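The structure under discussion appears below in the form of structure tokens.
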Amino acid sequence: MLKYMKKTLTTLQSLIQSPSFFVYLTLLSLLWIAHFLFFQSFGLYEDDWAFTGIAINQTWSRNLETINSALITFWQGRPLHMVFLTVLPFFGAKLGGISTLYLIGFFLLTCNACLFYRLLRNITKISYSALIPTLLFCLYPADTTFNYLQHLLGLQPALLFLLIAFNLFVNSATINSQSRLFSYFFATLALLTYESPFLLFFTAPFLKKNTQNRKQIFIHSLILTTILFLYLGLRKIAGESRISQLAPWEVLQKFLYQIIAGPIVVSGTFLLRPWQILSSLNVTYLIFLVIATACFYGIITSLYEEQFKVSYHDFSSHFQITELIRLLKLGLVMIFLAYPSAILLDVNLIDGRYSRVHFSAVIGTSILMGSLWNLLFLITDSKTLLRATVKVLLSIYLALLLIFSINVQHFYVLSWQYQQNFWRDVLRLSPDLTNNTVILVQSPNLQWGKQIHPFDWSVPSVLSSIYEFPKDWQFPPRAYILHSDPRNIEAWKGMIQSNDKMLISNKNHGVRYHYDWEPERLIQPQDVILLVEENKKLIRQPKLTLSDGRTIFFKKNDSRFTFPPFPKTSLFSRLIPSTTMTNDQKNSPAIYLEPQK
């Protein structure tokens, strides 16, 4: 026993004494603060309800059916994407609920950051060239979905596979070595998880200078092209038709626009995000800016400059500049390769879940921007004052990016609070849910989120995600947001028929979200609960008088319960932490009707 403990302590001591230990510890801490500081206050957003929520609530046998179906049908060309979105939520929730899923996401991000750092250390002899790009990798400002489970658990594994593939490739000696073969295997896994990062692997032979001859580069390109054609063939056989819906000219036009505009937009976010924070700087942010700047200054002094001194004495300035320019070019090529497969997304979007269009550009952009900072340090090395200025500027810059990431967390927390308060009010006003019940919400001031939307297309799925309704109910209760805005509050009334029934359909613009796969439904007024916005809160309206003089009477609340009395799923307590409300809470304005700040 003592011998085992001594061996363990020796291993830990050697680990701590490793030059990379404090770098990895820094990356872990930075990722935690930047993206998971408030993870206990995160919840489910948008697509999470339709994927993560279902996987949590379903039995393992049903989830196996989902996985089997995804593999057989080659689901969206990303069968492993669905596998991760099913397996990780199911088992993660069993271990500790939604919070555990975010911890799994934190683990994935940490692995990716460490693999990225190790990759950069392996592809050049200049040891200091890896740290700044990796810090930027952790604070990547173009993609704001690091707190979104759908992308955290579905997209990050693709990046993990790609980084493993890159590391295996640079450590392989020959084209037929075991490491090289495994690198293609992991690159294929990345392709089957989320396709957009795959093209980056074409740059693998150029990661290390002069290690691959033309024949090896040709064979590498041939292997990847073969994998790509087989993949596209499987998508065609599986009936994947999203791209085929575009005309050939549209595809070419979109392709050219993506690879030109994408790199410009993603690079611009590295300047835009610090400016956004500076333009809205308050006392809290100012205090945090000072503290974060001091911390980054310490990191640069203790970790970066130590590596810089070693490389500066071992290699000539010409060699270092040449290497940094090579890395800069490599990063630029990787940025261009990040966008061709994202042809259905808009590269101009840099907020919300659609900012995932920039997901694959994280490697190239981090290398590019990091190499620029490294060049700046190298050029100013002999000028003490200039070098100190560059250190301070970099520290402030990284601190501003960190504050932006924390600000994104703030908006995720707000969006979850909006959902919690909204659904608590909806349930409190609708305790009499029955088969066929439809809740219609007329709320022109219902807010959209700045980084993630609290009320998206998943709204009709929420009730079935938090309650276990009787299985013999043909139409379990659903809630719909009505089309109404301050300029045209009554736009939704076109769904009312001459016989007072209400037609729920995508054709009459009555409800904001009605699933395409659901049939149109005519709803009896006595099955309708109408909630309307009045005095900055929701109230239940028993009747509605139309402009032609007709009066429609809705479902009467004859329930003795304060909340619907159905068995609850594990998601209920996360969404509704408390079913009791004080008089002040009942009388205060609803926060989900106020803009996010």
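A Cβ is built for glycine as well, from the same backbone N, Cα and C atoms used for every other residue.
Listed in TrEMBL for this protein:
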- 21-39: transmembrane segment (TRANSMEM)
- 100-119: transmembrane segment (TRANSMEM)
- 126-142: transmembrane segment (TRANSMEM)
- 148-169: transmembrane segment (TRANSMEM)
- 181-205: transmembrane segment (TRANSMEM)
- 217-234: transmembrane segment (TRANSMEM)
- 255-272: transmembrane segment (TRANSMEM)
- 284-304: transmembrane segment (TRANSMEM)
- 324-345: transmembrane segment (TRANSMEM)
- 357-380: transmembrane segment (TRANSMEM)
- 392-412: transmembrane segment (TRANSMEM)
Checklist outcome for this item: Contact set of the transmembrane segment (100-119) with the rest of its chain, CB cutoff 8 A exclusive, min separation 6+ beyond the ends, reads 20, 23-24, 27-28, 31-32, 35-36, 39, 42, 52, 88-89, 92-93, 130-131, 133-134, 137-138, 146-147, 149, 152-153, 156-157, 159-160, 163-164, 166-167, 170, 207, 363, 366
Checklist entry - So which of 21-39, 181-205, 217-234, 284-304, 357-380 has the most C-beta pairs under 8 Å when paired with the transmembrane segment (392-412)? => result 284-304
Checklist entry - Is the number of Cβ-Cβ pairs under 8 Å between the transmembrane segment (148-169) and the transmembrane segment (255-272) three or more, considering only pairs separated by 6 or more positions? => result no
Checklist entry - Can you say which of 21-39, 217-234, 284-304, 324-345 has the most Cβ pairs under 8 Å with the transmembrane segment (255-272)? => result 324-345
Next on the checklist: Same chain only, please: residues at least 6 beyond the ends of the transmembrane segment (217-234) with a C-beta under 8 Å from a C-beta of the stretch. Say none if there are none.
Outcome noted: 74, 77, 175, 184, 187-188, 191-192, 195, 198, 201-202, 204-205
Checklist entry - Same-chain Cβ contacts of the transmembrane segment (284-304) under 8 Å, 6 or more residues past its ends? => result 22-23, 26, 128, 131-132, 135, 277, 377, 391-392, 394-396, 398-400, 402-403, 406
